[in-house]
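Quick look at what TrEMBL lists:
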- 1-23: domain 'Centromere protein J C-terminal' (DOMAIN)
- 63-91: domain 'Centromere protein J C-terminal' (DOMAIN)
- 100-132: domain 'Centromere protein J C-terminal' (DOMAIN)
- 138-167: domain 'Centromere protein J C-terminal' (DOMAIN)
């Protein structure tokens, strides 16, 4: 290796394979330019920024344990010390994955999808409708108060805001309709 000390106090170490390590005069910042194009920077606050040249991806690790990955398609992932992950997609959809298995996705149109650890899913649409999906049933709630439930057996039950109840069997035949 070859070591140079510049007049401004910076040190540059060049290794045989072409990797260069630059240390600032105050020794608070280090930049390593690897032979493959990768770049690693250790900042004065001890955060570390690593740029993967082939993948064109930046991985930043902060002193508090937060890790942020930035991809060339503008996707950004944040990995928190508690195990939570937040992914911001290029279309501005945001997906949050929590360490307890709960997931939330926020879509640009205002739709929110929540998935429980057991797989139960709740979708809140921007038009005010809400859908709950479980292993036993799928239920849609409308802004006017109407609730339609389809059970895993195929039976359908619709409760209207007027109080009317209509039940259909799995073939779609009306078996109850109290108008």
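Cβ coordinates are placed from backbone N, Cα and C, and glycine is handled just like the others.
Keep in mind that this is a model prediction, so the values were computed, not measured.
Under 8 Å from some Cβ of the domain 'Centromere protein J C-terminal' (100-132) lie the Cβ atoms of residues 91-94, 138-143, all in the same chain and six or more residues away from its ends. Remark: secondary structure over the domain 'Centromere protein J C-terminal' (1-23) totals 0 helix, 12 strand, 11 coil, with classes taken from DSSP. Counting residue by residue with DSSP, the domain 'Centromere protein J C-terminal' (63-91) contains 0 helix, 12 strand, 17 coil.
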